[in-house]
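According to TrEMBL, the protein carries these features:
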DOMAIN    A:32-146  domain 'Acyl-coenzyme A oxidase N-terminal'
BINDING   A:Thr152, A:Gly191  FAD binding site
DOMAIN    A:289-463  domain 'Acyl-CoA oxidase C-alpha1'
ACT_SITE  A:Glu448  active site, proton acceptor
DOMAIN    A:517-681  domain 'Acyl-CoA oxidase C-terminal'
Protein chains: 2
Amino acid sequence: MSNKPDWVKALKPAGLPGTEILAAERKSSPIDVDGLAAFLFTQPILDRNHRILEILQAEPVFDKSSNYFRGRTERIKAALARGKRLQQLTELHGWSAEEYQVAYDLIGEPTPYGLHAGMFMVTLREQGTPAQHRLFLEKAQKYEMIGCYAQTELGHGSNVRGLETIATWNPHRKTFTLHSPSLTSSKWWIGSLGRTANHAVVIAQLIIDEVSYGPHPFVVQIRDLQTHQPLDNIYVGDIGPKFGFNTMDNGFLLLNNVEIPHENMLSRFSRVDALTNKYIRPSNPSLVYGTLTWVRSNIVLRSGAVLARGVTTAVRYCAVRKQFRRLDAASNSTSGTAETAVLNYSMVQYRLLPLLAATFALHFTGQNMIQLYQANQAAMNGPDRSKSNADILLAELHASSCALKAYTSTVAGEGLETCRRACGGHGYSSFAGVGSLYADYLPTLTWEGDNFMLTQQVSRYLLKIARQVVSEVDVNSSTHAAPGNQFSIHTATILANYRTKQSDTKVVPFDILGDDTSCLVDAFAWRVAYQTFEILRRHDDEGASWDSLLVSFWRLSTAYSQYLVVRNFHQVLSHPTAQISPPPRSDTMAVLHSLFRLNALYCLSNESSEFLTSGACTAKVLDTLREERLLPLLSEVRPHAVKLVDAWKISDWQLDSSLGRADGRVYEDLFYRASENNPLNDIIFDPSPNSTTLFKTRSSRGPSSKL
Amino acid sequence: MSNKPDWVKALKPAGLPGTEILAAERKSSPIDVDGLAAFLFTQPILDRNHRILEILQAEPVFDKSSNYFRGRTERIKAALARGKRLQQLTELHGWSAEEYQVAYDLIGEPTPYGLHAGMFMVTLREQGTPAQHRLFLEKAQKYEMIGCYAQTELGHGSNVRGLETIATWNPHRKTFTLHSPSLTSSKWWIGSLGRTANHAVVIAQLIIDEVSYGPHPFVVQIRDLQTHQPLDNIYVGDIGPKFGFNTMDNGFLLLNNVEIPHENMLSRFSRVDALTNKYIRPSNPSLVYGTLTWVRSNIVLRSGAVLARGVTTAVRYCAVRKQFRRLDAASNSTSGTAETAVLNYSMVQYRLLPLLAATFALHFTGQNMIQLYQANQAAMNGPDRSKSNADILLAELHASSCALKAYTSTVAGEGLETCRRACGGHGYSSFAGVGSLYADYLPTLTWEGDNFMLTQQVSRYLLKIARQVVSEVDVNSSTHAAPGNQFSIHTATILANYRTKQSDTKVVPFDILGDDTSCLVDAFAWRVAYQTFEILRRHDDEGASWDSLLVSFWRLSTAYSQYLVVRNFHQVLSHPTAQISPPPRSDTMAVLHSLFRLNALYCLSNESSEFLTSGACTAKVLDTLREERLLPLLSEVRPHAVKLVDAWKISDWQLDSSLGRADGRVYEDLFYRASENNPLNDIIFDPSPNSTTLFKTRSSRGPSSKL
């Protein structure tokens, strides 16, 4: 809006400025923000992230000020330009894959190249032979070949074995014919396919001599390298707008008997022998297993950081926003005449501060997953370990990554929406920045294993271990790993412990409110073991069908995840010196201990019936938990809330939120965005229902238009 | 996309067509769809809705096929055109306010005239004097004056007393000066204000002789009636894009000492005497109370219908969608080779079917609220009832409307998201239609009383009644209403019952699994009473502060709402002949009884710890509830799911969903929408990161563009 009158320019927000409010919040807490941030991330990583942020902020193409106003076509156009510049900067600065990812996250929205870097190149590298690396990967690295990963179909997602696309081996011509036999066999949801890619790794059922050998990966060129038009017998396009993720061209693909050379089947693991026309089985299928575990572990790690963006916005805004005077004790009289910060209300604390605690719990859990994965990979390649040991360790890692992927992405996704609502009416504005983050994050709950589907795999593993415990097979002795060792199968340990202690009435209930916080971890472990053996009894002894147990599996997987999260947070606080960076000051560590209790007890309170049923806690303790423990914990954490979110070191540029501004100037920013940039304000409506025009006058952006 | 090749046109979905699947679903259930629909809505209402649907479908301006592709400016342009046509049709067909609302709901998105009809005219009518009706309302009815309702400010929402805008009485000129003293006093979120309205009812603090008399309504002209440009000293515009509701021009408004005549203060209830310059107090403040109750009762009624749209889509799609073969009992072998419908999995049933049951429970609850409100309004105007009786009845209605507004809109909002996720990956596509519905519905959780704020009002009322019960004041005898009578204060009845029975060990636990379903209602009532007296003790006896009880208030209000919902559903099924339409056939009624149990027991199972703590149920019953009762109930309801959603009679046109199509052609529709209309597919990307152009060729919709 042009011509803002002087009297408007002169207006200031009423009351104490947000800047002063947040300054006072920061002054009143002793939290060592920089020390805590280094403890979370390490100082070199923080420095690196800051360096990348400065590079991006200096580039006009990454300017975010129009993001919230754009329609889909404009948004994807901007995203394409940004993707190009990101790749140029990656070249220029020689960024590693990790640094590229940091930049990608800071830009804050997917680019149409996302799946080229994230999946196409990874698949070529991991599933291609050295010869195929030369043929495809080298060109992909130079963006001479731009690709995507085409697995999901219109009719099939999670059930990969049900995919309909076929790749038939032609024994005489030594080629494969790829074909989409039905409408439902159309590839669908494939990121970077709709408009960007000129190649695809297509997952298709391999058919040799009329026998199907299951899904395999094939490299297929889909668009001309010069004109970028689809090749003959290829029908490809964008699948249309989505709830979020609209800067990505998720696409569809139909293939009409497209013939490709023998060398286009990625054949590091299994292949077709061109001489004998025979299928050669994969040498080690568990390696593929490993990649999935890696992808899921990264989702776990990212969940804390994503949730932290919503919590940062909500905590800062709820500290600045004042509403109502607070009612005093029994009298119901109000204390003074000043309104109080929304964050001072116990109801708001109860919604937000457990999520603040969860950001740390999820972050440490994600770090632990990544470390375990890396250590295990190293050990698998080492000389000492037999294949069977490696397999069971990988199975444990796989199960916990499935459980935690499902649980932590649900907590983060639903937590973002809780943060948005805690911002009241303004949370609904695009300028809050939380709604778009939520919408873009939601696919994480479905992809890489639907969050409900995964819980079956987790339960299958827990039942398997439980059966070994019942048969008195000592899994840990066979892996030569002592309990507590990072390579121990601690699922076996907690199940075996439960079996041993089950009849000992002195063991349960646990003293969850006592000084020894390991009792809290034990209570979570006990509940997992109780549920595992209950389900084992119903399934193995009583013959309950698999389908009838699906809800119980979901509950079990959730219980297992909550145990892992509580355990990981506990481990970090018990051995803070084991982290890469030194622990922050003791006053800061004390607040982390409060966050640990808050996270564990809030979770326990919400799931209290399961802790009661399992005997881990008594009804008496659970009944008073909320009033006598949780509310005091919320009061303990409250003064540090703003500095705790500061320690996440999320820049204003990344947040892109009026409400989450680090300087507290929320009202000025909302007003500025609404009145300065908003293209709708350039259009003059003709409001009469009976007029034949929609707009009064022609303006720069909103042309006059007939009905 | 032009030129679809013949081989693409020839493709069909694999397997049984969706049309046949849904036909088989419908054939296998005896549900009397038309009878049930009439029982829900009455046949004349269904006929009327169908007539209006046909009128709208015949108008090209309401064509929905481009909705999901448009950016905000295009969308609001279309919505303006639709709003105009809707008003023309309303004139043409002489539609009542109710019929206008039906058409508005069928169009499926707000129009910029929404607040003119919904709030501006209502406020003029209810708060204006007859003289003001002639001055303002008559012009508003003819759309010569187009208005909005400007209450919320940038800095204040729920706390109306904290509003900053002031209206100062000028005793000599007999005028008011309206003024925005700060940036935070800017009106904000005001629907229809941003670009459409030329008048506003502005809520401002009335100041007479430097004394404030609190917020009052003033009619202010804000735009020129010819040019539609803002008047002098008015700064007004649209507040920018939002998470949803983007076809509405929510606006901001700043006033710089704008003077308006004496007659522009709406003064049916309170006013300024122009002769004496004195404030005249309102004669009956509880009438305003009544309007809020009416608005909230309508949100309750609408919650069932909104949720039903999501459930209809999810149930139909999950019946059509097949994924995986089902695992059999203990053997874990699969049954046959055919994949099974997703709706056959107990995990999916557990997520969707309780929501299906909830749609009916919410609908009957909403109907009951509306009936009670109307009966009470009639009684209040009747000769027999004293003012004090009317006041306490209105207070009961007010409390239950607050509780149910908060609860039912939360259930509907969160239920929609559950439905969207239950649709798997395709639920994320805009073409699913659930995401946009969810996004547009979400403000309902915040407006007309934030869902958390409201629970304080509910609890305050319950505590007040509890104190009367403790003091042995018989509220119901003072209202001359016998318990069970529709005018009885049944909150008093359940609290008094609890006090009487509390010491009687034979009363609790309730036989919630027995044949007499009234025991279920009693269990819900018992839990409410237990929690009320617990909170009363902590607040009145132990001196707990109001703030420390906010979480308990929220729990109490939720418990009270769940009781009301269970009770209302039970009442309809116990006395089906009391409904306007005759009950459906007995086989259909039997399924409704299963839905009643499913709704009540699912809720009870989720809140089991509260039922246990209150003594309403035993741990033993609760432990086995899910496996032994809920899962069998899900199996009972499953065969009828498709016909039960059919009974909601939601047209394909209103749903606008590929997944929710009544004919089951989900894959054809997804493919059609992606490949035919999608403007992104007219743009040819230039995918090289180092090229200087974004697009390869100029096309009709996507121009070639430099970086």
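Including glycine, each Cβ sits where the backbone N, Cα and C put it.
Any TrEMBL annotation is an automated prediction that lacks curation.
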Proximal to chain B - recorded positions among A:Thr152, A:Gly191, A:Glu448, CB under 8 Å: A:Thr152
Residues of the domain 'Acyl-coenzyme A oxidase N-terminal' (A:32-146) by DSSP state, where helix covers H, G and I: 89 helix, 0 strand, 26 coil
Separation of alpha carbons, the residue listed as 'active site, proton acceptor' and A:Gly191 (FAD binding site) (Å): 13
A:Thr152 (FAD binding site), number of other Cβ atoms within 10 Å: 20
Cβ neighbours within the same chain of A:Glu448 (active site, proton acceptor) - under 8 Å, at least six residues apart: A:Leu292, A:Val295, A:Arg296, A:Ile299, A:Lys405
DSSP three-state assignment (helix, strand or coil) for A:Gly191 (FAD binding site): coil
PLDDT averaged over the residues of the domain 'Acyl-CoA oxidase C-terminal' (A:517-681): 96
